[in-house]
Amino acid sequence: MTQTAPIPVTVVGASGRMGRMLIEAVRENPAVVLTGATERPGHPWIGRDLGEALGGAPMGVTVEDDPLEAFARSRAVLDFTAPAATLAHAALAAQARCVHVIGTTGFGDEDLARLSAAARHAVIVRAGNMSLGVNLLTMLTRKVAKALDESFDIEILEMHHNRKVDAPSGTALMLGEAAAEGRGTTLAEAAERARDGMCGPRKPGAIGFASLRGGDVVGEHEVIFAGAGERIVLRHVATDRMLFARGAVRAAIWGQDRKPGEYDMLDVLGLERD
Ligand SMILES: NC(=O)c1ccc[n+]([C@@H]2O[C@H](COP(=O)([O-])OP(=O)(O)OC[C@H]3O[C@@H](n4cnc5c(N)ncnc54)[C@H](O)[C@@H]3O)[C@@H](O)[C@H]2O)c1
Ligand SMILES: O=C(O)C1=N[C@H](C(=O)O)CCC1
């Protein structure tokens, strides 16, 4: 029996809520091995052993602030940081020929264009949500939106913990894209992202968003199809961030030896697009 060597992986933003989960998800999966961990320059963990910084036994991996050094020893980068950091990582991951798994959310249109440009020379797997459940929910959302006409108003409601910095969530935008596709339009055309004051009656065909923030909520999403006398509600509740981290590790493994390009979790999970 042939035994394949584990894939060397770097986790960027190692001290973050998701960084810590990603380290655990790499350590529990024998198909991958942690060879690098980074944090932003000036972070107190720089130069320390990662295991000790996490409050446990030494792991033999030193936290660095030079991502290229770490990427050069790796074949995949797991990146749940912040848009500016991820854009910088994309160029370096392409240079080091690493699969770049991006969970970061909050990108603007120009940022997304820059990531698409990087994907001409590198494998990028990006998703606003790496869980199986949410990716299935995007398929259901597309189907229901296609089946119903504009007499059903589509509203997307999300709730997250009080430390989240971007809104609407990346997941809500994924669900919005799916709803828009089902309706035969684009989210840029249909999105209604904020309502306050005398904003007038609802625009027919709009896809509305509402964001709640509080406590330690991991991530909850509802897609509401509101018609006359009835409502259909599709709902996903995440209760454990390991869900996202295990999805990211799966994407890193799936991305090995793929052609350069921009992929998402539907590709990784082998789910149909329509
Ligand atoms: N796609 C998904 O499934 C999914 C799931 C959860 C969170 N997220 C997203 O992941 C991102 C991070 O979320 P979080 O809750 O872990 O945030 P967090 O603030 O806890 O962690 C971000 C980490 O990135 C580090 N960082 C920032 N700039 C850096 C740089 N230049 N180099 C290295 N590290 C850097 C920060 O110091 C911090 O430790 C957010 O955009 C969030 O929306 C996505
Ligand atoms: O905690 C976060 O931040 C999350 N971000 C993603 C999003 O923006 O949808 C996924 C859920 C958790």
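Including glycine, each Cβ sits where the backbone N, Cα and C put it.
Nobody curates TrEMBL annotations by hand; they come from automatic prediction.
Small disclaimer: the values here were computed from a predicted structure and weren't measured.
Taken straight from TrEMBL:
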type	residues	note
DOMAIN	7-130	domain 'Dihydrodipicolinate reductase N-terminal'
BINDING	Gly13, Ala14, Ser15, Gly16, Arg17, Met18, Glu39, Gly103, Thr104, Thr105, Ala127, Gly128, Asn129, Met130	NAD(+) binding site
BINDING	Arg40	NADP(+) binding site
DOMAIN	133-269	domain 'Dihydrodipicolinate reductase C-terminal'
ACT_SITE	His160	active site, proton donor/acceptor
BINDING	His161, Gly170, Thr171	(S)-2,3,4,5-tetrahydrodipicolinate binding site
ACT_SITE	Lys164	active site, proton donor
Quick one: Cα separation, Arg17 (NAD(+) binding site) versus the residue listed as 'active site, proton donor', in Å?
11
Integer average pLDDT (0 to 100) for the domain 'Dihydrodipicolinate reductase C-terminal' (133-269):
97
So which recorded positions out of Gly13, His160, Gly170, Thr171 end up within 10 angstroms of Arg40 (NADP(+) binding site), measuring C-alpha to C-alpha?
Gly13
So how many other Cβ atoms are close to Glu39 (NAD(+) binding site), meaning within 10 Å of its Cβ?
24
Please tell me which one of the recorded positions listed here (His160, Lys164, Gly170, Thr171) sits closest to Glu39 (NAD(+) binding site), measuring Cα to Cα?
Lys164
Quick one: of the binding-site residues Arg17, Thr104, Asn129, His161, Thr171, flag those whose CB is under 6 Å from ligand 1, and say none if nothing qualifies.
Arg17, Thr104, Asn129
How many other Cβ atoms are found within 10 Å of the Cβ atom of Asn129 (NAD(+) binding site), counting all protein chains shown?
28
Cβ within 8 Å of the mean position of the Cβ atoms of His161, Gly170, Thr171: remaining residues of the chain near (S)-2,3,4,5-tetrahydrodipicolinate:
Thr105, Gly128, Asn129, Glu158, His160, Lys164, Asp166, Ser169, Ala172, Gly219
Should any of the recorded positions His160, His161, Lys164, Gly170, Thr171 have a Cα within 10 Å of the Cα of Thr104 (NAD(+) binding site), which are they?
Gly170
Can you tell me how far the Cα of Thr171 ((S)-2,3,4,5-tetrahydrodipicolinate binding site) sits from the Cα of Gly13 (NAD(+) binding site), in Å?
20
Cβ-Cβ distance under 8 Å to His160 (active site, proton donor/acceptor), same chain, at least six residues away:
Ser169, Ser211, Leu212, Arg213, Val217, Val218, Gly219, Glu220
